[in-house]
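Listed in Swiss-Prot for this protein:
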{"type": "DISULFID", "residues": "Cys38-Cys98", "note": "disulfide bond"}
{"type": "DISULFID", "residues": "Cys54-Cys144", "note": "disulfide bond"}
{"type": "DISULFID", "residues": "Cys56-Cys72", "note": "disulfide bond"}
{"type": "DISULFID", "residues": "Cys71-Cys125", "note": "disulfide bond"}
{"type": "DISULFID", "residues": "Cys78-Cys118", "note": "disulfide bond"}
{"type": "DISULFID", "residues": "Cys87-Cys111", "note": "disulfide bond"}
{"type": "DISULFID", "residues": "Cys105-Cys116", "note": "disulfide bond"}
{"type": "SIGNAL", "residues": "1-27", "note": "signal peptide"}
Amino acid sequence: MHPAHLLVLLAVCVSLLGASDIPPLPLNLLQFGFMIECAIRNRQPALDFMNYGCYCGTVGHGTPVDDLDRCCKTRNECYAEAEKHGCYPSLTTYRWQCGRVGLHCNSKTQCEVFVCACDLAAAKCLAQEDYNPAHFNINTKARCR
């Protein structure tokens, strides 16, 4: 084997070892992102909601910074309620549709229905509120008490 091939192989192995420490995103978070984009009709990238305020994209604590952040707080509370019913919201994937008439859940199991309803309500809520760029990536330790 040529030395150049060995270097490439070594680089790939090292990068894979480093990537093993990065936890994968829950699948339903990806679904929720698509649901947000459907609800807001691509007005704002869904990733902009991942680190917004005190509750969007984090476990959440403190007082929400605005109504948009309250949407995420409500979703977190909905997820907590789903957990009380034996569901695992961050691991639960569900069936839904994005059509001309809007969003629609068409899941089968109790947990899928519950989690989809949480995400559906949150996506619709986010679509109704104004996005304030000043609340993106805030210092949550100082601001969210």
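The backbone N, Cα and C atoms fix where each Cβ goes, glycine too.
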Within 10 Å of Cys71 (disulfide bond) by C-alpha distance: pick out those among the disulfide-bonded residues Cys56, Cys116, Cys144, and say none if nothing qualifies.
Cys56
Across all protein chains shown, the disulfide-bonded residues Cys98, Cys111 give the max Cβ-within-10 Å count at Cys111
Do any of Cys78, Cys87, Cys105, Cys125, Cys144 (disulfide-bonded residues) have a CA within 10 A of Cys98 (disulfide bond), and if so which?
Cys105
How big is the Cα-to-Cα gap, in Å, between Cys38 (disulfide bond) and Cys56 (disulfide bond)?
18
Cys72, Cys87, Cys105, Cys116, Cys118, Cys125 screened against Cys54 (disulfide bond), Cα within 10 Å - retained disulfide-bonded residues
Cys72
Disulfide-bonded residues considered: Cys38, Cys54, Cys56, Cys72; fewest surrounding Cβ atoms within 10 Å belongs to Cys38
Secondary structure at Cys144 (disulfide bond) (DSSP, helix/strand/coil)?
coil
I'd like the number of other C-beta atoms within 10 A of the C-beta of Cys118 (disulfide bond), please.
26
If one looks at the chain holding Cys125 (disulfide bond), which residues at least 6 apart in sequence have a CB under 8 angstroms from its CB?
Arg70, Cys71, Thr74
Assigned element (helix, strand, coil) containing Cys56 (disulfide bond), judged by DSSP:
strand
